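What follows is a single structure, written as structure tokens, with notes after it.
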Amino acid sequence: MKWKVSVLACILHVRFPGAEAQSFGLLDPKLCYLLDGILFIYGVIITALYLRAKFSRSAETAANLQDPNQLYNELNLGRREEYDVLEKKRARDPEMGGKQQRRRNPQEGVYNALQKDKMAEAYSEIGTKGERRRGKGHDGLYQGLSTATKDTYDALHMQTLAPR
């Protein structure tokens, strides 16, 4: 099949030769000079626009460096700004709806401090667990769950599949 297409393409090429660039006048030196001139003018215009935008932006930025009406101001590392003085009173917590924070007891903290005297004999305090009971109770498996959650787990316990 490929050789039929190749033969047909060769016959069409011999029968109808392709148009040459010379017949359209594209190799005329006057046309080349005209296109070169257009390209040169385009390059000059683009370069002028680029330089104008670059230099006008830097001059404009220097003039309006710290305008109070601007949404964003650039950082000025040469000038040091002072922070607001924090109030010594307890601040209102926005996460608690503006209410004052109450002082927490050390026992209410999320993390407890390590007690080094107990850490010296850490492995001696680890006890061995008894053997778990197997059966319907699952009490050892669901330690620390409420009775409602335990009932849900018991109801959803995997059931054996019927043989096929």
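We count from 1, first residue shown onward.
Including glycine, each Cβ sits where the backbone N, Cα and C put it.
Listed in Swiss-Prot:
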COMPBIAS  87-96  compositional bias 'Basic and acidic residues'
DOMAIN    61-89  domain 'ITAM 1'
DOMAIN    131-159  domain 'ITAM 3'
MOD_RES   Gln22  blocked amino end (Gln)
MOD_RES   Ser58  phosphoserine
MOD_RES   Tyr72  phosphotyrosine
MOD_RES   Tyr83  phosphotyrosine
MOD_RES   Tyr111  phosphotyrosine
MOD_RES   Tyr123  phosphotyrosine
MOD_RES   Tyr142  phosphotyrosine
MOD_RES   Tyr153  phosphotyrosine
REGION    87-111  region 'Disordered'
REGION    124-143  region 'Disordered'
TOPO_DOM  52-164  topological domain 'Cytoplasmic'
TRANSMEM  31-51  transmembrane segment
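Within the same chain, residues 25 sit at least 6 positions outside the transmembrane segment (31-51) and bring their C-beta atoms closer than 8 Å to a C-beta of that stretch.
The number of other Cβ atoms within 10 Å of the Cβ belonging to Tyr153 (phosphotyrosine), over all protein chains shown, comes to 12.
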